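Undergrad: Dropping the structure in here first, questions after.
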Amino acid sequence: MEGNHTQPKFLLLGITDSLCAQVPLFGLFLLIYIITLVGNMGLVLLVWVVPTLHTPMYFFLTHFSLADACYSTVISPKMLMGLFSGSRTISWAGCAAQFHAFAFFVTAECHLLAAMAYDRHVAICRPLLYVTAVSRHVCWRLVGWSYLSAFLSATIFTSCTFWGPFCGPRHIDHFFCDLSPVLSLVCSDIRAREMVVFALATVNGVGTCVVILFSYIQIFRAVLRIRPAPSRSRAFQTCAAHLVSVSVFYGTLFFMYLQPASGHGGLDKVASVFYTVVTPLLNPFIYSLRNQEVKGALGK
């Protein structure tokens, strides 16, 4: 049986085979990608140059925005190239590198979302302890842990996905090198790999989701005790916007990665578009542009 060194290329089938749809999709996704980069990198630059935004909340937001811009860049250029020129081939090494980078940034975002929820929990529920509980040293440790755990997880994900021989034809029914479409091409039994991937995805996804849910339960309990009512309403609106983004991000991730390969179907590409294209576009607006401090900094 042939190994990976004799199978150097894959073919990405892309989002659609319709030639009529490729041109408008290219224009739409190019516009979304540009806005995503401008929004997320603009937020990073804004927090960097405005001293009043040098707080733990915006510290986490800058890393979250950077991760958004990076994992969108890992996916979008190759997808746009396929829509524009029809060039959809990708080498084995390129496919593995794309998947590793994607898994790294997505996993890092899960942990960064949990860190952001922890920050808000301490700020609202234990304000007197905020300076020590969310110090600069603690912030760097949380961010460092996010990147370290993401790198280790992405390495394991990539090893489970790309180790071993692949059966031809090597056509990946997706617009990027994702887990399930690549695993479906592996010649050997993938049940053990699926179990490892499922367990690790559960630890990262469900574990951080539990932290977020617990933090917001405590936040809601504290907000309900706020007087007067308009202040309570504003706090609820802020939490609702955050939770909408968290729900979209985790909902699509759970749909994609917490099910066996046999459970995947035609909705995978739609779900993938949400968390690779739409979510990075929305996050700067949800987390930042609705915030009065950011609006004030932009005005100045």
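For all residues, glycine too, the Cβ spot is worked out from N, Cα and C.
All TrEMBL annotations are machine predictions without curation.
What TrEMBL records for this protein is below:
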type     : residues : note
TRANSMEM : 25-50    : transmembrane segment
DOMAIN   : 39-287   : domain 'G-protein coupled receptors family 1 profile'
TRANSMEM : 57-76    : transmembrane segment
TRANSMEM : 96-118   : transmembrane segment
TRANSMEM : 139-164  : transmembrane segment
TRANSMEM : 195-217  : transmembrane segment
TRANSMEM : 238-258  : transmembrane segment
TRANSMEM : 270-289  : transmembrane segment
Undergrad: Give the nonlocal contacts of the transmembrane segment (195-217) in its own chain as ranges (CB under 8 Å, at least six residues past its ends).
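TA: Beyond its ends, the transmembrane segment (195-217) has Cβ neighbours at 107, 110-111, 113-114, 117-118, 120-121, 149, 153, 156-157, 160-161, 179, 239, 243, 246, 250, 253-254, 257-258, 260.
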Undergrad: So what pLDDT does the domain 'G-protein coupled receptors family 1 profile' (39-287) average out to?
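TA: Taking every residue in the domain 'G-protein coupled receptors family 1 profile' (39-287) and averaging pLDDT yields 84.
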Undergrad: For the transmembrane segment (139-164) and the transmembrane segment (25-50), check the count of CB pairs under 8 Å (sequence separation 6 or more) and say whether it reaches 3 or more.
TA: no
